[in-house]
Amino acid sequence: MLTSGFTSAPVTKFFLSCIVVGSLVASVTDKKYLFQVLVVPQIWGWGQWWRAIIWPICYANSTEVLFAAMTVYSLRVVERLWGSRKFASFLLQTLPYTTFLPPLILALVLRPLSFGSLNYLPSGPTAIIFAMLAQYHAAIPSLYTYKINTARSTATSTSGSSEVTNGTATAASPTESQAESSARNATADTAGGTTKDSIPWPTLSATLSSKSLSYLPPLQLALASFPCSLLPAIVGWGIGYLYRNDVLPGTSWRVPAWVVGEKKKTIPAGSGYDNLRRRMEGEGSSSGVERGATTAGGERRRAGGAG
């Protein structure tokens, strides 16, 4: 699964190509405005419900295309784990949910609750990408983990000079040992009324894994049009986990093998049993020959001993 490129991942390659080509065509033809969704006036005012179908086709700017391409490329290991047939079935089964749920939730739930402040849904297949990301999070193990700790530092507060006491320098001479220098400085600080209070700062740590960097591009994708872009990301993540837990109907369905370029393996009826029978007969005959040879050898040895 660590092979570079799109080896054993033709569906992911096709999906990534559609994202890039679709966004490029929309940009060149200056039709990007057709894919964004404004509940008012486009949905409730003008009745343009077709926008709820075409909004995931392409992204509106090149930054989102870049981070989407990086995310999809890193998720190609899911197809290698599942196989192209199951992965294509997953995309087709989750496509209706990731397409229709975000605009419906925005129009019927979020906009009324926010008193009209949430009215925009950015274009792009963010929802289905996050459904793929949920499978990556659950199915792909991390290779290693590492921890990042902050350095433990101290803050020193003094009420006098720690270097000069009553006009006398406390620096150690070149021939003076370090222990003698420390003791001398401590004595000078105490005599001069200087106090040092060591205030420890709390140590912060974070445990990361080999998969941590893979979550940065989708995080940027989810925050690209904050807060509106969070809706398809959250919906896609939830749909991905519902599919994984077999909550969605028809999760056992698979696309035909020819869709992903696979040849269906047909086994003639009874051929499996015939092969098993012939193999068992061959093993039985070879065992009989070995037993016969062993018996004949034993009889010859007994005859030789009697003679």
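Quick reminder: no glycine exception, Cβ is built from N, Cα and C everywhere.
Residues or ranges marked as transmembrane segment in TrEMBL: 12-29 (among others).
The transmembrane segment feature in TrEMBL is assigned to 49-75 (among others). Non-local neighbours of the transmembrane segment (49-75) in the same chain are 12, 15-16, 19-20, 22-23, 25-27, 32, 34-37, 42-43, 98-100, 102-104, 121-129, 132-133, 135-136, 214, 217-218, 220-221, 224, 232; each lies 6+ residues outside the stretch with a CB under 8 Å from one of its CB atoms.
Residues or ranges marked as transmembrane segment in TrEMBL: 87-107 (among others).
According to TrEMBL, the transmembrane segment annotation covers 127-146 (among others). Distant neighbours of the transmembrane segment (127-146): 1, 56, 68, 71-72, 74-75, 77-78, 81, 90-91, 94-95, 98-99, 101-102, 207-211, 214-215, 218, 221-222, 232-237, 239-241, 243-244; these residues of the same chain sit at least 6 beyond its ends, with a Cβ under 8 Å from one of its Cβ atoms.
The annotation region 'Disordered' is assigned in TrEMBL to 156-196 (among others).
The compositional bias 'Low complexity' annotation in TrEMBL covers 156-165 (among others).
The annotation compositional bias 'Polar residues' is assigned in TrEMBL to 166-185.
Taken from TrEMBL, the feature compositional bias 'Low complexity' covers 186-195 (among others).
Residues or ranges marked as region 'Disordered' in TrEMBL: 270-307 (among others).
For 283-297 (among others), the entry in TrEMBL reads compositional bias 'Low complexity'.
According to TrEMBL, the feature compositional bias 'Basic and acidic residues' maps to 298-307.
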